[in-house]
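Visitor: Below, the features straight out of TrEMBL:
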- Asp350: active site (ACT_SITE)
- His470: active site (ACT_SITE)
- Asp472: active site (ACT_SITE)
- Cys645: active site (ACT_SITE)
- 1-113: domain 'Protein-arginine deiminase (PAD) N-terminal' (DOMAIN)
- 115-273: domain 'Protein-arginine deiminase (PAD) central' (DOMAIN)
- 284-660: domain 'Protein-arginine deiminase C-terminal' (DOMAIN)
Amino acid sequence: MSCQRWVRLSTEKPTSTVYVLDTELSLDVAGAAPEGATTFDVWGTSGVNLYVVHNGEILKVPSCVPRWPLDRSIEVIVMMDTPSFEVDEDKVRVSYFKDHGKTPIAKALLHLTCVEISLDADTNRTGSVSRRAKNKKDWTWGPQGKGAVLLVNCDRDSPEDRDVDNKDLELHTFADLRDMSLMILTMRGPDDVFEDHQVNLHISLSDQDKVGVFHALGKKKLRQYKHVLGSGKLSYSVERCPGQEENTFYVEGLAFPDRDFSGLVSFHATLLEASTKELPEVPIFNDTVVFRVAPWIMTPNTLQPIIVYVCSVQGNANFVADVNRLALKAGCKVVVCPEVENRQDRWIQDEMEIGYVQSPHKTFPVVFDSPRNGPLKDFPFKDVLGPDFGYVTREPPEGTVSSLDSFGNLEVSPPVTVKGKEYPLGRIIIGSNFPILEGRKMVKMVRDFLYAQKVQLPIELYSDWLLVGHVDEFMTFVPASDQKGFRLLLASPSACYKLLKEKEQEGHGDAMMFDGLKTSKQVSISKLLADKSLRSKNEYFQKCIDWNRDILKEELELTEEDIIDIPQLFSPSFNTSKAIAYFPDIVNMLVLGKYLGIPKPFGPIIEEQCCLEEEVRCLLEPLGLSCTFIDDFETYHLNYGEIHCGTNVRRKPFSFKWWNMTS
């Protein structure tokens, strides 16, 4: 239904008002009727469409009814189709009659000026502004949904800038405009009507720190783009120059969705009618358009890799070379963070997670900087942030951060359907403490941020049984060339003991773990199997993994056929019950399409083959995967991490558009 405005009439003098296109005027016919009047008729000039609502029927005037009874149940509606060329160009006349009299006893005359006031954005999500769209106040999900999208302008397009682009009130490069969403205010009508009417663009107090708006007062120079809303500015009076029918605005997001911010922001254009000098203007029309700030989206291992990040530290030149060779096979670029920047901090997975933001007109990657803040803490901001590469972080209070706040403890599944509900962008996975026990968990500020993005509903697993406490220590996803499209790999002490027992029964009990390693004591299969204390601990660790297995099966709707158990043993660390990998943690791998960079486990050599490597190949290569085992023992494993912990990957965004999700 069109927006409707009540208009009072007078038989004493003509009334003048402004009609806004696509609205309705409801005339107060009864209120202006003189004493004794019982009927009326209504007439309008050619630019006016008149309707009478009577007894539930809507009749267009002129009609077969010559006069209408004068009572409160009758409504006269005025509509117009095109903006006026002149002020008071069209008219409506209401004539009042007494009983069956032929001559009107009074007349009320209404002068009309039609204007078009419309605040428009890309509400149809096509990449261009949708003109005079309906229901702009509503934002709906799904392929048939409507509503504009706004990007957080969190990249840094100008190398001279010290911070992300949305931290100041000026433009430093025209590239900055391409990160913003267009909003166009149409003000069409006679120039003279805007002498005593003005349009005010405004936002709510709660939105002023969520959005910024620039008014394009010209196009040739950056200083012609004036910051008019946001960062303390709540309203802006739009000056209408003679003949200028459109004003262009550029809108940027200042904040991502979060615990206290749904992501929805509203912009209002209000037409105000001037009163006397002593009184404020009177609002006669309001148009509203709603944007949703695009969420930060993670990318799973099943998406195509683009860039691999790795740190160069003392003693890991061979590791970096191996990662380069693997990336070359996968067609990826490699970015090496040098020692002078990483300060011997090799755990680049823990420092950051690379996702992306997307609107119909623009997509760019965004690095989420973890609150870990090790020696690598400056790398995401100094070296990753840049033109069309955004940055976001959450900094909890000092002293509240634990190992679980590192982003090795932040993963995302491939797309799944669970109990009929589709998750086309997968689901975020984070590690936490056991539900009934005190322990470490990811800080609330980061968890709140992840939940608020909405499109990848998080799953919380139990990872506090591990010394480091990251989910990537016992699970990962790999692509598969079948209908399912992926497999969940879980570290499995049970599978490892089963494999080693088989090898012992085949007569290989003397084969040694860690053969050839100077930094680790060799141990035979038989001795390992006879270590009751280690086996007992691994039975407990297996139960911890099985708890997570059940959660993942439920929350991702997986079957046992979707899960592959990867042989792995853990051991208690020093004087704690927390687990560390007994040999290099196989599931902590680098996934680059079908190419897997897997920690070399240094398992028992049987017939010139590492039996652990051979088992992993047998499990994964039938899926179309290529296994490359990389030695990370001294430089990573002995420091409680592996290949995944020491690398990071930027991946291609989903082809699926997040706004097409159904709630």
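Any Cβ shown, glycine's included, is placed from N, Cα and C.
TrEMBL labels come from automatic prediction, so no person has curated them.
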Visitor: In this predicted model, what is the average pLDDT of the domain 'Protein-arginine deiminase C-terminal' (284-660)?
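Guide: Computed over the domain 'Protein-arginine deiminase C-terminal' (284-660), the mean pLDDT is 96 on the 0 to 100 scale.
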Visitor: Distance check, please: Cα of Cys645 (active site) against Cα of Asp350 (active site), rounded to an integer number of angstrom.
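Guide: The separation of the Cα atoms works out to 6 Å.
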Visitor: Between the Cα atoms of Asp472 (active site) and Asp350 (active site), what distance do you get, rounded to the nearest Å?
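Guide: Asp472 (active site) to Asp350 (active site), Cα-Cα distance: 10 Å.
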Visitor: Take the C-alpha atoms of Asp350 (active site) and His470 (active site) and report the distance between them in angstrom, rounded.
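Guide: For Asp350 (active site) versus His470 (active site), the Cα atoms are 9 Å apart.
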Visitor: Within its own chain, what residues at least 6 apart in sequence put their Cβ under 8 Å from the Cβ of His470 (active site), listed in sequence order?
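Guide: In sequence order, the residues whose Cβ lies under 8 Å from that of His470 (active site) (at least 6 apart) are Asp350, Ser403, Leu404, Ser406, Gly408, Asn409, Gly431, Ser463, Cys645.
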Visitor: Secondary structure at Asp350 (active site) (DSSP, helix/strand/coil)?
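Guide: Note: Asp350 (active site) is helical by DSSP.
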Visitor: Within the domain 'Protein-arginine deiminase (PAD) N-terminal' (1-113), how many residues are helix, strand or coil going by DSSP?
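Guide: Reading the DSSP string over the domain 'Protein-arginine deiminase (PAD) N-terminal' (1-113) gives 3 helix, 60 strand, 50 coil.
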Visitor: With every protein chain in view, what's the tally of Cβ atoms within 10 Å of the Cβ of Cys645 (active site), excluding that atom itself?
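Guide: Within a 10 Å radius of the Cβ of Cys645 (active site) lie 28 other Cβ atoms.
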